[in-house]
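Participant: Mind having a look at this structure? Questions to follow.
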Amino acid sequence: MDERVAKETGADQRKGKVVVGITGASGTVYGLRTVKALLDLGYHPEVILTEAAIKVSAEELGEDLRKLLEGLVERVYMEDEIDAPASSSSTLAGSLGIAVVPCSIRTLAEVASGIASNLVTRAVINHLRLRKRVVLVIRETPLGVIELRNALKVATAGAIILPASPGFYTKPKTIDDIISFVVGKTLDALEIQHDLYPRWTK
């Protein structure tokens with residue numbers, strides 16, 4: 001990582017790299033917030049972005065997601081950059097895992113079929129090969145039989161299927177609280193400690 005970026009963001013490669021894929025499902029804010037949370041916690045997010053995510057985020061956030069991310073990390077990889085580090089399992093020895101957040105149903109289907117058509121699906125499949133943590137944050141609802149079968153297939157291969165379903169026992173007061181819950185659950189699945197939402201206590 002560039003020393004300037006590391007200093008400005010607080011990211012520390014000694015804590016480890018986490019690959020974050022952001023696809024064109026609704027909820028691109030979850031991906032943006034996941035990257036920010038990882039940086040705040042001192043991790044090194046390696047971000048992969050799809051063209052669909054840029055279009056969706058323009059509608060949902062009213063901003064250019066790529067520019068937002070480029071202001072946070074050293075480099076943002078696009079889905080067609082198959083020469084990027086995450087495209088090869090040989091570069092993932094130090095990776096703690098990958099979170100695709102949000103994960104489109106197309107991405108889920110391609111991973112279930114073993115199709116590495118872009119950098120996101122390629123990175124997911126590489127992590128599965130190495131038995132590393134894989135978290136797919138799906139937002140689509142309702143889910144049909146095809147989607148459920150694909151989710152089961154990917155889960156059987158070792159991934160965690162994490163629906164973007166907020167819990168309300170935390171008594172969220174703002175949309176930001178709801179987003180923090182989903183991002184926190186994503187980090188939980190990656191086994192990364194945080195305080196993004198209050199834990200359940202009696």
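Backbone N, Cα and C define each Cβ position, glycine as well.
Sharing the record's features from TrEMBL:
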| type | residues | note |
| --- | --- | --- |
| BINDING | GLY24, ALA25, SER26, THR50, SER104, ILE105, ARG106, THR107, ARG139 | FMN binding site |
| BINDING | TYR169, LYS185 | dimethylallyl phosphate binding site |
| DOMAIN | 17-190 | domain 'Flavoprotein' |
Participant: Which of the binding-site residues GLY24, SER26, SER104, ARG106, ARG139 has its Cα nearest to the Cα of TYR169 (dimethylallyl phosphate binding site)?
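Facilitator: Answer for the nearest of the binding-site residues: ARG139.
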Participant: Compute the centroid of the Cβ atoms of GLY24, ALA25, SER26, THR50, SER104, ILE105, ARG106, THR107, ARG139, then list the same-chain residues not in that set whose Cβ lies within 8 Å of it, in sequence order, for the FMN site.
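Facilitator: My list of surrounding residues reads THR23, ALA52, ALA53, PRO102, CYS103, ILE138, GLU140.
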Participant: Please give the FMN site's span as the largest CA-CA distance among GLY24, ALA25, SER26, THR50, SER104, ILE105, ARG106, THR107, ARG139, to the nearest whole angstrom.
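Facilitator: Those residues reach a largest Cα separation of 16 Å.
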Participant: Looking only at C-alpha atoms, tell me how far SER26 (FMN binding site) is from LYS185 (dimethylallyl phosphate binding site), rounded to the nearest Å.
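Facilitator: Distance (Cα to Cα, whole Å): 18 Å.
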Participant: Go through ARG106, LYS185, our binding-site residues, and report the one whose Cβ sees the most other Cβ atoms within 10 Å.
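Facilitator: The largest 10 Å Cβ neighbour count belongs to LYS185.
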Participant: Taking only same-chain residues 6+ apart in sequence, whose CB is under 8 Å from that of GLY24 (FMN binding site), what do you get?
Facilitator: THR50, GLU51, ALA52, ALA53, LYS55, VAL56, SER104, ARG106
Participant: Within 10 Å of each Cβ, count the other Cβ atoms, then let me know which of the binding-site residues SER26, SER104 comes out lowest.
Facilitator: SER26
